[in-house]
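Following: one structure in structure tokens, then a few remarks.
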Amino acid sequence: MANVKINNISARQILDSRGYPTIEVQITLSNNVFAKASIPSGASVGKFEAVELRDHDTNYYHGYGVTKAVNLINSEIGQKIIKLETLDQEKIDNALIEIDGTNNKSRVGANSILAISLAVAKAAASTLNIPLYQYLGGITAKILPTPLINIINGGMHADNNLDFHEFMIIPHGANSFEDAIRMSSEVFHTLKKILKQKQYNTNVGDEGGFAPNIKDNTEVFDIIIDAIEKSGYKVYKDFSLGLDVAASTFYKNEKYKFSDYQFSTHELVEYYKNIVTQYPIISLEDPIAEEDTLGWKMITKELGDKIQIVGDDLFVTNCKLIKNGIDNNMANAVLIKPNQIGTLTETLNAIRLAQKNNYKVILSHRSGETNDTTISHIAVAVNCGQIKTGSLSRSERLAKYNELLYIEKLLNTSAIYQGML
């Protein structure tokens, strides 16, 4: 279908799940097909992420407004993108990068660029009358990802005393994605009952997981395992656990301080070795601070052949940083967040680089989300087999899970559930 071009670009300011402004873009094509995309924002931001453009006017949304970005899209950027061929995603993304002209997208903002990039892809898929996952991945796109479900929130994602950001359940023993969500929902609601019985609060954090004040991390593991078993499931067989440590948030002066303890890098790695032995933990995300290169090499050497060691802040969806990690044996898995890099093309390139070098890939949301479900489609398109998109409460999280349930139905008998990581 040749010569379907971008006819109009319209941006507006909306609110994300934390009540902060973000961008929504609508692309209208020359055949009158249109599509919208909206952009998330993170609470824990890696030092090397592409830069969001914010207004920084403290009298307007406390400085978090995005009217500058919206105005740029509706004027300068839009004028240069209109009339480009919709089906040439790479050309459009390269044009957006060129318009910005910086190495970190700080002039027009990664949020501006990504909103356009994703909306273009959605419009192209609609033009061809196929789902986005099929447009991006073709007929080989058929693996439904195992969800890493953030069942208890801590760190910067919750107003409680837990140091680690996310305590996750991983339903690798399910027979289908639908089965995985059902099993996880049962554990989620059982966990709520257990927390109430122990007189912990059951308020939820930014990503929909419970946010109780539990002093000891090991008690959190014990409570989650209790919820799994009381739901009729077995650890290791049906569920295992994952952690997003976000170690950079408590790393200072070459020391790690949490739970009233101060650790050297070596001591922290020993701590991880101990809990991985004691508990069914099969995935550690950002267990080491992004600048602690020796620590990353150490933990990968000690645990990399046993569990998944995930780099988020270490890699920030950036091919250059991923290659550096591969060359230096740091981590064995890459977390992918499109807004860390700013275009769909760069996101897909980062995924391909990781997969080519046998690094596992996990598609991920951000703490400040919208109801946009693009990451669900990307996860299936690239057959990465894993997705992180929060807990089983808050509609912006469930939107992604519900979209994957829909994709599984579309794929019908072709659908394959990833299962074990």
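Note: Cβ is positioned from N, Cα and C throughout, glycine not excepted.
Bear in mind that the values here come from a model prediction, so they are computed numbers and not experimental data.
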Further binder of (2R)-2-phosphoglycerate named by Swiss-Prot next to Lys337, Arg366, Ser367, taken from the candidates Lys306, Lys320, Lys323, Lys388: Lys388
Matching residue for the Mg(2+) site, where Swiss-Prot names Asp244, Glu285 - out of Asp222, Asp226, Asp305, Asp312: Asp312
Sequence-distant neighbours of Asp312 (Mg(2+) binding site) in its chain (C-beta under 8 A, six or more apart): Gly46, Asp244, Ala246, Glu285, Asp286, Leu335, Lys337, Ser364
Inter-residue C-alpha distance, Ser367 ((2R)-2-phosphoglycerate binding site) and Glu207 (active site, proton donor) (nearest angstrom): 6
Other CB atoms, at most 10 A from the CB of Lys337 (active site, proton acceptor): 23
Set of same-chain residues at least 6 away whose C-beta sits under 8 angstroms from Arg366 ((2R)-2-phosphoglycerate binding site): Pro40, Ser41, Gly42, Ala43, Lys337, Asn339
